[in-house]
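To start, the structure itself, in structure tokens.
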Amino acid sequence: MTHQNTETASLATTKGALEPLPPDKTAGLSTGAGHEISSDESEGSEEETGLHKDPSQRQRQQNATFQAFLSHHAETIVNSPVKPNQAQSELSISSLIGRNASGTGILNPREYQIELFERAKVQNTIAVLDTGSGKTLIAVLLLKHVIQTELIDRANGNPPRISFFLVDSVTLVYQQASVLRNNLDQNVAHFFGAMGVDLWNKQTWAEHFEKNMVIVCTAEILNQCLLNAYITMQQINLLVFDEAHHTKKDHPYARIIRDSYLRVPPSSRPRIFGMTASPVDTKGDVLEAARNLEALLDSKIATTSKLTILRQVVNRPNEEVWIYDKLQPTFTSDLYKLMESRFGDISHLEPMFRFARHATSELGTWCADRVWVSALADDVLPKVEGSIGGKRQSTGLGQLPKDVHRDITRIKEASELVESHPPNDPGAPEALSSKVRVLWKEISQCFGQETNTKCIVFTEKRYTAKVLFDLFTVLNVPGLRPGVLIGVRSSDRIGMNVTFRQQILTMVRFRTGEINCLFATAVAEEGLDIPDCNLVVRFDLYKTLIQYVQSRGRARHADSTYASMIEKDNADHESILVQVNDAEKIMQSFCQLLPEDRILHGNDDDTDAVLDREEWEEPYTLPSTAARLTHHSAITVLARYASSLQYENDTSAQVTYVVLPVNDAYVCEVILPEKSPIRGATGMPAMKKSTAKRYAAFEACRLLRKHRLLDEYLNSVYHRRLPAMRNARLAITSHRTNEYKILPKSSLWNKQIGVIPGKLYGTVISLKPLTPLAREHGSMILFTRDRLPQFPTFPIFLGEDVETIVLTVPVNMELQPSADELDYMTTFTLRIFRDVFRKTYDKEPEKLPYWLLPAISFPCNQEADPRDVVNWEILSSVHERDDIEYQADMPPEMLVDRFVYDHWDGRYRYFTLAVDENLQPSSPPPSHVARRRHMDTIMNYSISLSKNSRAKFLSRCNWNQPVLHAELVRLRRNLLDRMTDKERKLETRSVICIEPLKISAIPAAIAATCLAFPAIISRLDAYLIGLEACKKLGLEISLEYALEALTKDSDNTHEHRSQQVHMQRGMGKNYERLEFLGDCFLKMATSISLFNQHPDDNEFDYHVNRMCLICNRNLFNSAVKKELYQFIRSRGFSRDTWYPEGLTLLQGRDHSKKIGSESKHALAEKTIADVCEALIGAALLTPGPQHRFDMGVRAVSAVVDSNEHNAASWRDYISLYSIPKYQEQAPDGSEIDLCRRVEEKLGYHFRYPRLLHSAFTHPSYPSAWARVPCYQSLEFLGDALLDMVCVEDLFRRFPDRDPQWLTEHKMAMVSNKFLGALAVKLGLHTHLSYFSSALQSQITHYAEEAQAAASQSDVAVDYWTLTQDPPKVCLPDMVEAYLGAVFVDSNFRFEEVEVFFQQHIKPYFHDMAIYDTFANRHPTTFLHNKLTNEYGCLNYCLKAGEIPGADGDASTVLAAVIVHDTILTTGVASSGRYAKVKASENALTELLHIDRNEFRKRYQCDCVQENGEHGERDVGTPI
């Protein structure tokens, strides 16, 4: 992928990736299975159906810190304290259930319950009791007993164990947890899938197990915990199975028993207690089903032996049969005909058409027409429209096609039609069916008078319940207050999707009497705490014994009625009545006739049979944790692993199974998502396709475990291993952390110090102003003990900020000075320090590191004799006289153009300009001159003496001497930068008398140049230090680039557009641009090296190994090892430290202590790492001996310090590469044809056609068909090559742009959006080999859109910015893989990559201004820049995770900005994308008026890494 590389920093610093959110909002964990129910089919609660959703939609790379916060947030929602007066509508589900539980919530046992409890204490038991008879209390009693025993065992030192209360729906989780909390004094936790429990790790589970004695959860949660070895059977003391009749086939109840319970020794098994109203829920042999249930649960059915006592507690209702006349055949109403004629072709309305037609017979025309009113109501219409668009988008079409917009428009028209259609009168003939009329009649009789009747009407379909509710609302039966209770279903097409909260609120209203007639589906049959009714009506007849028993159990009120509605002369209905009655009698007889000891013959054999049926399924057990992998669970484990590879906006990371017939059997190949290190596996042959699929999944899981990509709990390690590597790049701090030794001066100055030099080497220094200077500056020659290199030119700023180029010319011939010559040279050099800089040194030529002398004025060349270059006349003049003494009879013109200085005050140095005949020494100074203490006369103004000395001098001085105009020399020494405003404001015009001052023997032109010498020698010294750094690394880099790479001119140099902190003036260019270039070359060089040295590695290993090489931590460690920190220039010009060291100072301020105090500098670790990359960039700009990248290659080897990259030249890459077998194999006809076609399009001829075949082979393509590797390795290489060619182009074209601008515009050139459009433009998309129907659809639609946009754009080269994003996992990768293939095929000629760039990419980017806004102003991008650049914080992340609706509503997504483990802000939305935007926007608002210091104080931001290790940290995927 182009810029989702593992080494690219995302918004995290423990930087985690910004993880995607599961689109599946249903509860539970996935077993890899699932089914789809049409919205108008039989009612089935979807509360636990979510357990069977594919978990590949789930994200499993959550940061541990965020996960804890997310869990806490969800728990807070569910368990938040309830205010006494808080409205019911504001309560959470737990609070609603807790507040409105029937009775007080304190249960008292009855005799038969105690009897069953005693039995359950000593043996595994299935309690078969009627609904309402108190099975839950027996479970509570048993739990109390088990907890008491457990506490005793723990006190005796036994390992702790806990109890599990397993239920089959999410609503029951809430309800049973509330009951247990009201009856147990121990901690009770409740969990279900939508709480994100499938994302928890062992540590999280261990914490819950440790602090809770009982856990109420849906069964699949425990099943997965057992399979993942988060808990073992030995750690469980009791398993309670609510509604135990579900234990059959592959239900999680059955899987827990088969996969975990029966596989441990009997002595280690927990007690089992099952509860059900009937042990069977299917048609067929009742006794056989009961025995099977006993075998599956390893338990014995038990019921009370005192049924008379039970009858006293559970009132059996009076059973009635309501007979209605035979229904009419289905027909079509007028509204139906009208709707069908105009909108019958809209597939989304098909369920409504089907139900409306069926309802004409079952319910009548009023109800049939009413479904349209409900389905197309104003409040439902937006949901319908969203469902249409969402369904189309879920098929991978991306943007909505025109036909979807058309359907939405027509749906609105249909709604308007229904609204305008005159409603029928429900009392009219044929308006209601005979069945509904009977219901109306009977209910009217029950509610016609003042009564306390409570009624539940059971229907099979959701629509039926809703329409009957609407009907009885319209009929306005006296005393009737109707309501509707249906199951949770997120995919209902007509907006009838209800939430857990709505369910609970409806039951609360029913309990309080606000509703007294519920029209309900099967959701009201089982488990829910619904108060006793005195009328239960089966509008749609039950079909199984369990439905009959459970719905009858709702009629528990005294003198209640249970009515079954049957059609007159309907043999099927009459048969069901007989069958259910017979089955109940048989079941009762079975229970009553069981022997007292409840021993069933053949139980052991039955248990063995359960295991024998899965004998082929030998589990793979991990010894360290006892986690088990079975063939059945392998599919779930594999799906969970695949989902851990998914990132935001990626296509779904799903597992692909390819089943092929082989020798009268089936063999399955499993193909893992593209990002998986292991591509897949092939299973053993099997006679059934489903078995072959399990075999392949099992082998793939074993292979993943072998490569340690599944941990010891069978969870993906990606959420730990990959982000740790992704974060390596940012695993060091950007801020000041340590003090490092700094090299104050080049070691060249110390060579041969202490001896009189026998030979010296000269370097001529001349100045070339860009505009004329106000005064002449003479040339100088610098003699040193060692030869100086050729220095680059550099600017200084003289006079009134005139930019002046410093030219240096090294003289090849050495100078062997005589003793006299050396004496003259020493005298002049020391005179400069005294007169110009007020430092008087002892005359010790053996200690001088250099000699600064005047040069002759004619141009000098390198071959000149240095003796001829020196102006010996000036040296002689200076040597002969200390100063030019002022004489009263001196001609005034001799005083002009002199350098004069105040011997007593170093602030006053002047260049004399002219004599003013109009002024006298006694005249007051002109008003424009700078203010001094004595302004009465010019003579007094010119003196710096003390009071007494001043009086003496004034009494004897010459008051008739001339007055001169002079230029005051600014104290400014840092001529490497322009003047500051303060310096510019200094008044330099002055008037002086000469007598109080000293006239230097140094000519004014030479003195002027000497004033610039501190800046010049400082810059030359910096170049020499850069040269030393390069020599230490074995590099030959241009001094200009070497110094630039080592220059850090502020504390936050890397923050390109932020205000620079502690800015050092005049240091020249800093390292930031070179670091940008070097970073890119480092990525390319290490990619090539790894590709060549490890041809068999997969893309994952390449990314991880490259990250280990190029991460800042590795660069930092390597730099510290080589002591590169001492060469970094972090300080600008110093007026105190430029003087030569070691000389004996006789007069003047001593700066030696200052030099000692600046022996160290504070550097951030990241700065040191950045300098390494900048040195690579500098080496890259220095031509190599054979290839222009040679020096860059050598620099990479020097800074990464690893055997993974030890190349010394570009040629070494070629010698490292061993051609793989597939590349050399003879191509077949299709491969030759592919090369020919691609050559016609792109112009490159492949020597190895199979390389091109590999470049166009998608990872989804089965290896059995491909015969070449997929493109991942070539794409890894091509991605780095493309980055390099784009960066190099921008770097050279825009020399003044900062790295942030370069990065933003490079993003356009290498973006998936552009590369996808380019692939289509070049026609590459037609050559891709893949095996994915989703990809086929995505490529087709994207190509059509891209081609249309290109054809309509005329000459606009940025047309691609207006298209949708391309399929990310193929088209952009194709371009990069093609570049990688060309590079390898051409024997590593980078020039071929440049040719492709010039021909096919650069034409789109000649005018980069077009893309100024491409890096859009996204809140998350801005937040990232603000935190890193403005605040300098690196320890932050943006995380998002799904949480269950606080009250069972649709799941929401919570995003949080975390700074140093503090939740800065959060955002909640329906999707991860918008939640992150909200959180980012809130964070930007929060930080709006906070400066850097306040931020660091408030969030304790120091960004200091406690250690450099990256352990098993679950950090996530960067922004």
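Any Cβ shown, glycine's included, is placed from N, Cα and C.
Now, the feature entries from Swiss-Prot:
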type	residues	note
BINDING	Leu129, Asp130, Thr131, Gly132, Ser133, Gly134, Lys135, Thr136	ATP binding site
BINDING	Glu1275, Asp1373, Glu1376	Mg(2+) binding site
BINDING	Cys1433, His1460, Cys1501, Cys1503	Zn(2+) binding site
COMPBIAS	1-13	compositional bias 'Polar residues'
COMPBIAS	39-48	compositional bias 'Acidic residues'
DOMAIN	116-297	domain 'Helicase ATP-binding'
DOMAIN	431-601	domain 'Helicase C-terminal'
DOMAIN	634-724	domain 'Dicer dsRNA-binding fold'
DOMAIN	882-1001	domain 'PAZ'
DOMAIN	1026-1184	domain 'RNase III 1'
DOMAIN	1235-1387	domain 'RNase III 2'
DOMAIN	1421-1489	domain 'DRBM'
REGION	1-62	region 'Disordered'
MOTIF	242-245	motif 'DEAH box'
SITE	Lys1368	site 'Important for activity'
For Leu129 (ATP binding site), the three-state class that DSSP assigns: coil
For Cys1501 (Zn(2+) binding site), the one of Asp130, Lys135, Glu1275 that lies nearest, given that the binding-site residues are compared by Cα: Glu1275
Spatially closest candidate among Glu1275, Glu1376, Cys1433, His1460, Cys1503, the listed binding-site residues, to Leu129 (ATP binding site) (Cα to Cα): His1460
Near-site residues: Zn(2+), ref Cys1433, His1460, Cys1501, Cys1503, CB cutoff 8 A to centroid: Tyr1431, Gly1432, Leu1434, Asn1435, Tyr1436, Val1459, Arg1496, Tyr1499, Gln1500, Asp1502
Contact call for the domain 'RNase III 1' (1026-1184) and the domain 'Helicase ATP-binding' (116-297): at least 3 Cβ pairs under 8 Å, seq gap 6+: no
Binding-site residues compared (Asp130, Glu1275, Asp1373, Glu1376) - the one with the fewest other Cβ atoms within 10 Å: Asp130
DSSP three-state assignment for Lys135 (ATP binding site): helix
Rounded inter-Cα distance in Å - Glu1376 (Mg(2+) binding site), Cys1433 (Zn(2+) binding site): 34
When distances run from the Cα of Gly134 (ATP binding site) to each of the binding-site residues Asp1373, Cys1433, His1460, Cys1503, the nearest one: His1460
C-beta crowding around Cys1501 (Zn(2+) binding site), within 10 angstroms: 21
For the motif 'DEAH box' (242-245), the mean pLDDT of the predicted model: 86
Alpha-carbon spacing, Asp1373 (Mg(2+) binding site) to Lys135 (ATP binding site), which is rounded to whole Å: 61
Euclidean distance between Cα atoms of Glu1275 (Mg(2+) binding site) and Cys1503 (Zn(2+) binding site), Å: 35
His1460 (Zn(2+) binding site) versus binding-site residues Asp130, Lys135, Thr136, Glu1275 - nearest by Cα: Glu1275
Neighbourhood of Lys135 (ATP binding site) by C-beta distance under 8 A, where only residues 6 or more apart in the same chain count: Ala127, Leu129, Met275, Thr276
Cys1433 (Zn(2+) binding site) - helix vs strand vs coil (DSSP): coil
Summary of DSSP states over the motif 'DEAH box' (242-245), given as helix, strand and coil counts: 2 helix, 0 strand, 2 coil
Cα-to-Cα gap, Glu1275 (Mg(2+) binding site) vs Cys1433 (Zn(2+) binding site), nearest whole Å: 33
Neighbour tally for Gly134 (ATP binding site), based on other Cβ positions within 10 Å of its Cβ: 23
Cα-Cα distance linking Cys1433 (Zn(2+) binding site) and Asp130 (ATP binding site), given in Å to the nearest integer: 64
Conformational class of Cys1501 (Zn(2+) binding site) under the three-state DSSP mapping: coil
Between Thr136 (ATP binding site) and Cys1433 (Zn(2+) binding site), the C-alpha gap once rounded to whole angstrom: 55
